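Notes for the one structure printed next.
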Amino acid sequence: MSENKVLSDLEIAHNATMLPVEAIAERAGINVDALELYGPYKAKINTAKLVLPRGKAPGKVVLVSAMSPTPAGEGKSTTTVGLADSLARAGHKVMIALREPSLGPILGMKGGATGGGYSQVLPMDDINLHFTGDFHAITSANNALMALVDNHIFQGNQLGIDPRRMTFKRVLDMNDRALREVVIGLGGPMQGVPRQDGFDITVASEIMAVFCLATDLDDLRERLGRITFGYTYDRTPVTVSDLGVEGALTMLLKDAIKPNLVQTIAGTPALVHGGPFANIAHGCNSLIATSTAMQLADIVVTEAGFGADLGAEKYMDIKARIAEVAPSAVVVVATIRALKMQGGVPKEKLNEPNVEAVAAGVENLKRHVGNVAKFGISPVVSINKFGSDTPEELEWLLAWCAAEGVEAAVADVWGRGGGGDGGDELAAKVAAALEAPSNFHHLYPLELGVEDKIRTIVQEIYGADGVEFSVPALKRLAEIEKNGWSGLPVCMAKTQYSFTDDASRLGAPKGFRVHVRELIPKTGAGFIVALTGAVMTMPGLPKEPAAMRMDVDADGNPTGLF
């Protein structure tokens, strides 16, 4: 092998020496009898058996977000891992809280989702492929519910469920556009009641959201019972508790709800648990994992999906309303290539030097930084370094941040790792930010109506002139008001590539309106989803899926997971 060969993420992961998970638990302060082992390097934590340190103040949360991304992503997970490793290297007691990867994007576009280079969580292939079975359990609970609903309709429909007004779909942890719209119950009177149906991807399921927002097993059961899956013929909402199956669904999730403990390459403890997308769901790991990490560590580094307009806004306005997990510091990840794309450079030319394009695209970063400040937090910009970045481009961006009064650091945590010195400057700036006074607040009060909440988000965060509602969305607004759901927060479903609902409009557009085509009350999770533009809750695969490059070697080890 050439000394100059750049190793892939998978090769780096396979070359790493992992510690037994019991050693990672000891490092985190987790008593061994709270562990439920899944082999030598993975464990679930039974939080009921966790012996917590007396008198310890809750750890401070660092939320990692980003500017609007390129299709390959800008390295939030890599930065999260590298930053945590660097903080640990500086002597802080740190834990990571991350989402679990979804199989659809792994086989589709991303190829893996556990960080990259020398800033990864391990065992990388296990986490990317099935892990501890949490997504299987969530998928099973979701589809069990729909099987029970359709069976109830077939067996006489005592609740009077209207098959034309179902609001809940079956799910699959895969990108499969062919399943977006289907018809079920065909084949005669013994095969069920025919109706139009469809599939969502598992990470868009309300059960995934409930799973990630529940505070404990009892809260999980209560939230599952509150899920509205459809309406009766007289348009009365029907819930899981009406059907009487919340106990069965809780049973299917009783082990999955326990957080998963793994490690970084540098040996930092990491809780990887839950995984809703941020463009079509709320985009944060489980609340149980975040809260557990805060009880054990002094600093918890977590991330929220896609740009600060999506995951970070939802962390602040949805997750941080349920428990005391508000961030004390926020990191906005920026890359030279993303700035170039936002400045109008085509994908195939992103690796070419172009300071002018960086300058043209920086308005996108500026809006994201300003948006974080609207929650009362001054962010730190982490410039995730790529090999194609030139000194001139990096110097220009650092100078721009300085002129804007924004703390910034170049982080080479992919190439040098956070366990090395690749994230030391970033860690120092984040540690300083954690000591600064925080004035965190939500973007809007819950007393505001749903229409006004949406208008606030699109105007304050996206920079839109206003919002337009389709006729079906306006009808659903009236239903939301009638059923007493107006006090719920809003979860916007929007393309991740633009502040608008049009993925092709890059930069920091002005003079546009956001189009809300549908509103979906998620009464178990406790928010209203607003579908905008053409965003899909069941994605499709690209023309050349990453799966085409994947295989196993003669020893059964995966290859091609980037």
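In case you wondered, yes, glycine gets a Cβ from its N, Cα and C as well.
If you look up Swiss-Prot, you'll see Thr70, Pro71, Ala72, Gly73, Glu74, Gly75, Lys76, Ser77 marked as ATP binding site, on the strength of sequence analysis.
Sequence-distant neighbours of Lys76 (ATP binding site) (same chain, six or more apart, CB under 8 Å from its CB) are Val64, Ser65, Ala66, Glu303, Gly305, Val333, listed in sequence order. In terms of local Cβ density within 10 Å, Gly75 ranks first among the binding-site residues Pro71, Gly73, Gly75. Between the binding-site residues Thr70, Ser77, the minimum number of other C-beta atoms within 10 Å of a residue's C-beta occurs at Thr70. Its Cβ placed at the centre, Glu74 (ATP binding site) has 24 other Cβ atoms within 10 Å. Around the Cβ of Ala72 (ATP binding site), a 10 Å sphere holds 15 further Cβ atoms from the protein chains shown.
Within 8 Å of the centroid defined by the CB atoms of Thr70, Pro71, Ala72, Gly73, Glu74, Gly75, Lys76, Ser77, the record's ATP site, lie the Cβ atoms of Ala66, Pro69, Thr335, Ala338, excluding the listed residues themselves. Taken residue by residue with DSSP, Gly73 (ATP binding site) is part of neither helix nor strand, so it is coil.
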